Amino acid sequence: MNLRQRPLPTRGRGPDPQFFEPFNIIPIHNLLIDHPSLRYPEVRAATSAISAAGDLRKPPFSPWHDNMDLLDWLGIFFGFQGDNVKNQRENLVLHLANSQMRLQSPLAAVDSLDSGVLNRFRQKLLKNYTSWCSYLGKKSQVRLPNRHNPNRQRNELLYVCLYLLIWGEAANLRFAPECLCYIYHHMAMELNYILDDHIDENTGQLFVPSTCGQFGFLNNIVTPFYVTIKGEVGRSRNGTAPHSAWRNYDDINEYFWSRRCFQRIKWPIDISSNFFFSGDKRVGKTGFVEQRTFWNLFRSFDRLWVLLILFFQAATIVAWKRTEYPWQALETRDVQVELLTIFITWAGLRFVQSILDAGTQYSLVSRDTKLLGVRMVLKTMVALTWAIVFGVFYGRIWSQKNSDEMWSYEANQRILTFLKAALVFVIPELLALVLFILPWIRNVIEEADWTILYFLTWWFHTRIFVGRGVREGLINNVRYTLFWVAVLASKFSFSYFLQIKPLVGPTRALLNLRNVKYRWHEFFTSTNRIAVVVLWLPVVLIYLVDMQIWYTVFSSLAGSTIGLFSHIGEIRNIKQLRLRFQFFASALQFNLMPEDQTLSSEATVVHKLRDAIHRVKLRYGLGQPYRKIESSQVEATRFALIWNEIIITMREEDLISDRELELMELPPNCWDIKVIRWPCFLLCNELLLALSQARALAEDPDRQVWLRICKNEYRRCAVIEAYDSIKYLLLEIIKYGTDEHSIATKFFMEVDYDIQNEKFTGAYKTAVLPQIHEQVISLIELLLMPKKEMGRVVDVLQALYELSVREFPKVKKSMAQLRQEGLAPLNPSTDAGLLFENAIQLPDAEDAFFYRQLRRLHTLLSSRDSMHNVPKNIEARRRIAFFSNSLFMNMPRAPQVEKTMAFSVLTPYYDEEVLYGKEMLRSPNEDGVSTLFYLQKIYEDEWENFVERMHREGMQDDNEIWNTKARDLRLWASYRGQTLSRTVRGMMYYYRALKMLSFLDSASEVDIRQGSQEIASLGSQRQNGSLNGLGSGMPNSQNLNRASSSVSLLFRGHEFGSAMMKYTYVVACQMYGVQKVKHDPRAEEILYLMKNNEALRVAYVDEIYLGREEVEYYSVLVKYDQQLKKEVEIYRIKLPGPLKLGEGKPENQNHAIIFTRGDAVQTIDMNQDNYFEEALKMRNLLEEFKTTYGIRKPTILGVRENIFTGSVSSLARFMSAQEMSFVTLGQRVLANPLKVRMHYGHPDVFDRFWFLTRGGISKASRVINISEDIYAGFNCTLRGGNVTHHEYIQVGKGRDVGLNQISMFEAKVASGNGEQVLSRDIYRLGHRLDFFRMLSVFYSTVGFYFNNMMVVIMVYAFLWGRFYLALSGVEEHVQNRANSSNNKALGAILNQQFIIQIGIFTALPMIVENSLEHGFLPAVWDFITMQFQLASFFYTFSMGTRAHFFGRTILHGGAKYRATGRGFVVQHKSFAENYRLYSRSHFVKAIELGIILIVYASQSPLSTNTFVYIAMTISSWFLVLSWIMSPFVFNPSGFDWLKTVYDFDDFMNWLWYRGILVKADQSWETWWYEEHDHLRTTGIWGKLLEIILDLRFFFFQYGIVYHLNITGGKTSIAVYLLSWIYMVVAVAIYIVIAYARDQYGAKEHIYYRLVQFLVIVLAVLVIVLLLHFTPFNVLDFIKSLLAFVPTGWGMIQIALVLRPFLQSSVVWETIVSLARLYDMVFGLIVMTPLAFLSWMPGFQEMQTRILFNEAFSRGLQISRILTGKKSNIDM
């Protein structure tokens, strides 16, 4: 296709700026303009296809011009905006052109659009619409004439354009894909009317659509829907109203899943329809009602809970028989019959499920959905009937057996009757099993829209549009079934033998205990049932939870196995890369260079097989494929260009120094060197080894010596390169034409001859070689000196001459012989001493290329070490190792850039940092540490490299860095933070990689050879001075000021066109318009980024104020025009109103997605980065869309992340280790074998056209979709998509680095999971997927958080249970009676305690993945050091955060986006701030558990045995300790005594500060109200449950009161009731003092003192009387405090729930002041250990060591940082 190769005129000659119309990527409006993309005939073909509007009916009311096309025609007829038309025109042309480029066989007529391309695109784009029509039984309005009709292509284009135009202007409606289908359906019908010249019945004229006119579509269609959604959002009261009270995006969308939408909404839209109402008669929820209750977990995953409950029941029945093995118990008929009770339970559970369905979804029943109500009632009745039937049948079995006193024939018959009934009962399950084994039948049934099937499945579930045909293929089925069978088998065996069975004995003993002497008033004295419940409760809770642990264990095993087979971690470091570098060169060729695409489709199987064999050869070095790569070959030069470009980008990023660049680059072939010139760091030391071999084998024949040397490829190359270079060097510096030159030439000819004829060792003494070697080194060192000393050079050359000519040959020759052979000067009169004196001509000092080669030769000759530490930078080593390893993994072959899928990257940005400012870098924190100083210490080597680069670019003095190099400095710092500039730099590597690959695709051998020489010479010149004026022809010449050579110098122009066609980067800077108006520096910086990055586009929302209230909103796309040298606006599309109706980020993504291009879109977040070498593999990744995984092609390609924030502190390291194991091993297993990987965030690549027709790349409803990303995965799975995971490519990602940031992030994610529990997506996944995939979904999403919470609840249950046993006296009684059985029970409980809380299993994936990627020993060492850095504290603390927020969200709501901030955390957080953050989630809970543990220690008879007490409670104490101490352990300067003192004052000021309208961080009262806000918005059930939970605090008092001496051992209930007198008195005293303070505190101070005095006297009097006249003692006083403090707290908590009733009453003031008192006490309790540790010497140093250890090991002087010494650069 040589049409493509036509040369392009220079890019400078553009259009006349006066007539310039801005364009985005390709100037479609002016095909004659000089632009690289217009050289493609496919672009012209697509443009001419959409221009074929000639014979269409001309639109009315608007002038028609000849240059208008189909999109203009549709735009005028249907009232679309002009810029929407322009935007979609480019979108369509680009897509069709790119699709046509990818055709395997080039077309005969390149300038015409291929019908297959258009047909495939139409089918894909309208697939969702077609299935929607089929689902509703409507006929599709896409009516195409037959294949031979000349208008077919035009009509097809019209239908496609119409959909794109609707989508492009639909604004927030893009979140409702079926609403778009409804709109499209009617507009396509109107289009048909126009095409058919239909006459309008009302007007009698030719038909004109209802939306015709300016902004017609926006005003008449989009705005009514938008206003409705906005009204609903208003009803949500900013997300605080219950979800059931308002319709979210999903409800709006699901209204279009039933045919009633056609009758109600009509067309043209009937605004009076109740769908658009916002009053009470409006349409309610559709499809699903989100109710806030924990029962959702049972509702959504009922099959899991049924399995667990039924197995528990069965296992308990079997274990009760106390046989050694369960099957022995099953032999008895009694047990067999008892097991039948599981059917009664099962029926009962179905009844519960049906009641829950009715209770949560009743509001869906309306006049239209009566059948739904009927089904709810019927299901409840049927389930109840089954329970009764089973109960009756079961009773009849036993009555028969008891009357016969044996298992008679009649009794057995009754069992048979029961079993027959049971068989009928399980028919649905059996049917599901059959369909599970034959998944394709299930898929066909679900996807077929037959009415008969609807009737048959009506009983089981509501018919919905999504969740149909989502089963996987048989092979995948078998895989994940085997996985889960293994998990379930392990879990159930463990549960039976180690949880249930050991408890049977103690339970029986407890039930058989008689006459227990209770220490309090016991209500149920006849049996010890409460004690039994207390014993079993923790065990039951763990039984429900521990499947998570088994899942973790097995997923670690599966993940590591898959990882091994995927060849992950085979090259772990530079040492291993050295061993495989030759194969690496071939692998790079094989994977990154496209093959010839001339293969027919039949050859693909053979071709795939050949590829596979070639991969194996490369991987294991079989057949030595690298032998082919010799220096003469183009492959070697291609490899060198790519490798060098990778190394150059690392130099630009300051990861390596100039010296390392020279050591690592692969120089082009020059100096007549016959071998490939491997990088120096591979050849180091090899020459010396070869020399020693030559000396050792001096007597051996040539061939043997050479074979020994050739065993090592690098050694062979080093020897040949050294010889060739020395030869070239000597001939270069000796003047041509002199005697000396001819002597040298002759000498080398002789040596060459001897080598060729294998006579070298025979002719020469190899022992002389080391002396020659030394002299050559001296010569090179002299030549490299800045001042050349000719005399010394001559001396060395003479010495060399003597050695080589006289000493080296074995046969000594006379002077005459030497003259005869041309090895001595012919003129005998020439004194030998004067040899070389006038024959030397050194190259010019400016000849940088020569000196660069010389430096290389010097390194080659002189390096004695093995250079394992090149490069020095850890990140550079990791990146090179990962990249080289990835090339040996399986990945699709890369196509040519022209045939690559086009793609976009989309980044949502709000107002985070773009570029760090000077002041931000300079200004020190309270410890005197500036951000820049911190960065200089953490990235010490990178800072040195940066300073070196600045000096090379002209900086004279270090102080200049703040003036002339300020921008570079800010960029350097910003590239080490989590800034937009870092993300943009990373994403622009795609563009750079595509340009380079495009050049390599099309360059001829000559181009490549000459180019590499050119680069080498140019690059070396630039080592001396910076490159100016060389890149003037390029659009981004600023970026080309490179460290060294660069391929971009060879570009011929077309590369820019190729890259622009294939890639565009859109940053959705929502606030950019506002920032420009306010002159925010961020706007300047964003403009700077656009200026320097050609492919960068910025989309923002522009607000234009018209009148007082009226504001117009526009979606705007801008770019920086390189010719006009300014920012230009490309598109401006009006919106129906403010952008943000739902969650901010998805709304931001949604407004910008219309500006993306290509087949795929990669979602990248603001805290990400990318690497040039990874960008090279993007072509390969995009080919995955063509591969079938299972039975579907992928719709989301999951990409691996690399967490780059791990080096900042130990906390950041824990976070990144945890995250790393999830983004690698976790997601690997979820994708394969479990097939439930969702979309967890950002580097994933979406099939753009698949998603844009199905609701976009995230969901945006307020609160419910707070974790917006994962819903894209849910949506994808439910709509029949496929998510895969690929680990041969990675993207960088930053994570939070301070404890407070991490906790806020954890809180956000946990709250998001709490909301997921309520969501329809989780419910549908739980019901529509098969049983095993449902398990995978549960344990990898909400189940993980639920089980996390259950672990915390289990600790509570365990401790409250022990508290009950100790205080009631049961424990003492048992201790005296049956010591042994109690120990058994204790053993069972200890098993539970340890297994869960030690948390080792949550760390297992981390260890396994680490050992896979870095080796077993490093992984173990890593784990041990993390334990020394108190990682367990951190993980236990995180568990508390997750449990608190997950539970609270499900109960009360209150999920919100928490901005964590992504800065560096070096400053100390005050105590008050930590208290505000953690008091309710951690401190108060830890204090509660601590009090229980103390009371238990004082009252339990077990505590006398210290070992038993410690063993039983150590993990609980650890939990208490970590929850209280973690915020201070992980707080910089956390144990600094002075700071602790200041913190205490600050905390007290905060507590007592009373102001009006102050923020939470200023006043305790504001914080207290805000902290309990969720209790105001919670529902009645939430309030009720909260009160029930708070009642536990009164139990404290109940338990302890009976243990006071004053009671005299009485156990009457009166004792407890009388104890309330104490409570009343205490509150009364508090109220009296508070009243006195308010009345007299300010003015009549003496009265206030008097009241205080009287109260104290009275209190002392009462205590003295009690001590004297009753058994009351001092210990009672302390105990009663322990009893009544929790009671007061319980009362405050209940008062908060009842706040709406109490707030206006008299008592509220008292409650608030009491609450303040409690917070003060809690604060002091938490402060006490902190103050003690701060006062103790040495703890501060130890804590700094723990927190910053990683940095210490890299030579970080953190002690300097924390004492605040200033930087070495003057601030």
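Every residue, even glycine, has its Cβ placed from backbone N, Cα and C.
When TrEMBL is compared with the stretches 549-568, 569-588, 789-808, the one noted as transmembrane segment is 549-568.
Counting residues of the domain '1,3-beta-glucan synthase component FKS1-like' (154-270) by DSSP class, helix then strand then coil, yields 77 helix, 2 strand, 38 coil. Note: the stretches the transmembrane segment (1508-1530) and the transmembrane segment (450-466) are not in contact (fewer than 3 CB pairs below 8 A, sequence gap of 6 or more).
For the transmembrane segment (1681-1702), same-chain residues at least 6 beyond its ends with a Cβ under 8 Å from one of its own Cβ atoms are 1488, 1491, 1494-1495, 1572, 1575-1576, 1583, 1586-1587, 1590-1594, 1596-1597, 1599-1601, 1619, 1622-1623, 1626-1627, 1708, 1711, 1714-1715, 1718, 1721.
Same-chain residues lying 6+ beyond the ends of the transmembrane segment (1584-1601) with a Cβ under 8 Å from its Cβ atoms: 520, 1360, 1363-1364, 1367-1368, 1451-1452, 1491, 1495, 1575, 1578, 1607, 1615-1616, 1619, 1623, 1679-1680, 1682-1684, 1686-1687, 1689-1690, 1693-1694, 1697.
The list of residues near the transmembrane segment (1714-1735) in space but at least 6 beyond its ends in sequence, with Cβ under 8 angstroms from a Cβ of it, reads 1471, 1475, 1479, 1483-1484, 1487, 1524-1525, 1528, 1534-1537, 1539-1540, 1544, 1547-1548, 1551-1552, 1564-1565, 1568, 1627, 1630, 1685, 1688-1689, 1692. Cβ atoms under 8 Å from those of the transmembrane segment (549-568) belong to residues 483, 486-487, 490-491, 494, 619, 885, 888-890, 1224-1226, 1228-1229, 1232-1234, 1287, 1339, 1395-1396, 1401-1402, 1404-1405, 1408-1409, 1411-1413 of the same chain, restricted to positions at least 6 beyond its ends. Remote same-chain partners of the transmembrane segment (376-395), defined as residues 6 or more beyond its termini with a Cβ less than 8 Å from a stretch Cβ, comprise 340-341, 343-344, 347-348, 350-351, 353-355, 357-358, 361-362, 365, 414, 417-418, 421-422, 425, 459.
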